[in-house]
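A.B. asks: Relevant sequence annotations retrieved from Swiss-Prot are reproduced here:
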TRANSMEM  17-36  transmembrane segment
DOMAIN    61-161  domain 'Rieske'
BINDING   Cys107, His109, Cys125, His128  [2Fe-2S] cluster binding site
DISULFID  Cys112-Cys127  disulfide bond
Amino acid sequence: MDDTLNQANPSMSRRQLLNFFTGAIVATTASAAIYPATKFFMPPAESTDAEGGILAQDKIGHPIPASQILAQASGTRALIAGLAGEPTYLTVREDGTLDPMGIVNNCTHLGCTFPWNPVDQQFQCPCHGSRYDAQGSVERGPANRPLKLVQVQVKDDYIWISPWQETDPRTGEKPWWV
């Protein structure tokens, strides 16, 4: 008499089952290690609105509430991270609102960043001495083009920065950066 059980076709042997579970554990562990490494090398997605604008951020990437800048005195120029992280000046107007025209803080001569001089009421590039007026028009070279502009909008205490597409109000022409 035969005491063995007749198994016609077992669907999976014990060894195959253990190999499957081992492979699943290795794949899960590898995925868990690769995901953060991939996220590290990918730039963070910027919050955008319907017009292609992004939220104004501070230098470490936190959104800046409009109330924080509007609490400053009129004429104050706040430096924020704008489109593509470009440093951008926002101006508080006399009526307590933000100027809808932001000025990108990159000299059109060689791309240096520069401070606003409140005494002279000018942007002064320290690299080669270019001077720009309060609206970003060239007052003294070697730069020969006005500073790049961006559109500024406040919606629900958030500041949205979007590319300037209209005619440059300083020159009356199509912007050179479009």
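Cβ atoms are placed via backbone N, Cα and C, with glycine included.
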A.B. asks: To the nearest whole angstrom, what is the C-alpha distance linking Cys112 (disulfide bond) and His128 ([2Fe-2S] cluster binding site)?
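C.D. replies: About 9 Å separate the Cα atoms of these two residues.
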A.B. asks: So, three-state DSSP: helix, strand or coil for Cys125 ([2Fe-2S] cluster binding site)?
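C.D. replies: DSSP assigns Cys125 ([2Fe-2S] cluster binding site) to coil.
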A.B. asks: Non-local Cβ contacts of Cys127 (disulfide bond) (under 8 Å, 6 or more apart, same chain)?
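C.D. replies: For Cys127 (disulfide bond), the qualifying residues are Cys107, His109, Leu110, Cys112, Phe114.
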A.B. asks: Compute the mean position of the Cβ atoms of Cys107, His109, Cys125, His128, which form the recorded [2Fe-2S] cluster site, and then list in sequence order the other residues of that chain whose Cβ is within 8 Å of it.
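C.D. replies: Result: Thr108, Leu110, Cys112, Phe114, Cys127, Gly129, Ser130, Pro142, Ala143.
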A.B. asks: Have a look at the recorded positions (Cys107, Cys112, Cys125) and report the one with the fewest Cβ neighbours inside 10 Å.
C.D. replies: Cys112
A.B. asks: For His128 ([2Fe-2S] cluster binding site), which residues in the same chain are close in space, meaning a Cβ under 8 Å from its Cβ, but six or more apart along the sequence?
C.D. replies: Cys107, His109, Leu110, Cys112, Pro142, Ala143
A.B. asks: Report the mean pLDDT of the predicted model across the domain 'Rieske' (61-161), rounded to a whole number.
C.D. replies: 88
A.B. asks: Note down the number of other Cβ atoms within 10 Å of the Cβ of His109 ([2Fe-2S] cluster binding site), including every protein chain shown.
C.D. replies: 17
